[in-house]
Amino acid sequence: MNVKGTPTRTIWPAREGGAVWIIDQTRLPHEFVTQRLNDLGAVAHAIRAMLVRGAPLIGATAAYGVALGMAEDPSDEGLTRACQTLLATRPTAVNLRWAIEAMAESLAAVPPDQRAQAAWAKAGAICDEDVALNEAIGDHGLGIIKDLARTKGVEKGGEGPINILTHCNAGWLATVDWGTALAPLYKAHDAGLPIHVWVDETRPRNQGASLTAWELNSHGVPHTVIADNTGGHLMQHGLVDMVIVGTDRTTATGDVCNKIGTYLKALAAFDNAVPFYVALPGPTIDWTVNDGLREIPIEQRDAAEVTRVWGRTAAGALEWVTITPTGSPAANYAFDVTPARLITGLITERGVCAASAAGLAGLYPERAPAPVPAGSAAGKGAAATADGAL
């Protein structure tokens, strides 16, 4: 995407090699600051401290972290150490594990003296793939928005705009470029469709108010920042035509783990018959997990993120301000799980599907579990279970 007219990705290699540059997202929207990451430790810190965030971008950054680790120590022990260091940074986003496993697999058979160069090339390929996947998500999501426009009569001069609510930041700042949930919105805006975006502030880190609003404003997309608890009211009064969010991990059965508060938006959308879509690339699907509520680890972050807010004062200084009484404890769950039954559809790079095992298997047949022979003991047990459920 463009930053002040300059095409910009969220992560890019230094011209002379041996380092990568990132956008320090903790400084937005008040300052646009880039930071150079020179080694594995710097990459791990950037992920842990959320200088970079969003599942796809975390994965891409981790890939470069492995590459920088190979420049430091290309031995088998060095590869293991780099992967373990990065895996420990944040537990919920599955793209982190996916990218690290992809790097480790591609480097395992490479001689140590060639690993640094091979790792650098592989990390770049992962970033390029992310951009292509996200643009494809945008194309498929655009089709849904066009259908909404026809239903609402917007294309024929009917009452507009198309009001879309989003939660947290699943734009280009959460990926290498384009974004997931926001990619269809950018495509729709650029196609001339009259859209308006309701932007949840997304406490406690205010990633909607700080990051999504900054993105949309930079691109010229009409939007309004709202308090997190406003969405249900807007839906009750017919002011939301569609909800679209991203995801940090999606199960093989269509459950979605996303920023805390997503589940409440899905409940409100379900109660008011508002379509609720989730946008995601294939690497965000965790094919090893079936029950999101029971199996996905939920990151708990520092309570200070809840008890303090960061912003610009009237004097122009950027400061942290405490908003809770001294001594009041705070809980800071970073994510929640939205059950598949509340989701209208999943928008992927391969198309749109139902949030279900069958829906995902239809788009990713190579990842679908092998069928159990009907005559086997497992098959008979499964059949008995299915019959009992009836």
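Cβ coordinates are placed from backbone N, Cα and C, and glycine is handled just like the others.
Noted in Swiss-Prot for the protein shown:
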- Arg53, Gly54, Ala55, Arg90, Gln207, Asn258, Lys259: substrate binding site (BINDING)
- Cys168: site 'Transition state stabilizer' (SITE)
- Asp248: active site, proton donor (ACT_SITE)
Where the distance is taken from Cα to Cα, which of the binding-site residues Ala55, Arg90, Asn258 turns out closest to Cys168 (site 'Transition state stabilizer')?
Asn258
For the substrate site given as Arg53, Gly54, Ala55, Arg90, Gln207, Asn258, Lys259, which other residues of the same chain have their Cβ within 8 Å of the site's Cβ centre?
Ile58, Ala93, Cys168, Asn169, Ala170, Ala174, Gly246, Asp248, Ala334, Phe335
Taking the Cβ of Arg90 (substrate binding site) as reference, which residues of that chain separated by at least 6 in sequence fall under 8 Å from it?
Ile47, Arg48, Ile58, Leu96, Glu299
Tell me whether Ala55 (substrate binding site) sits in a helix, a strand or coil according to DSSP.
helix
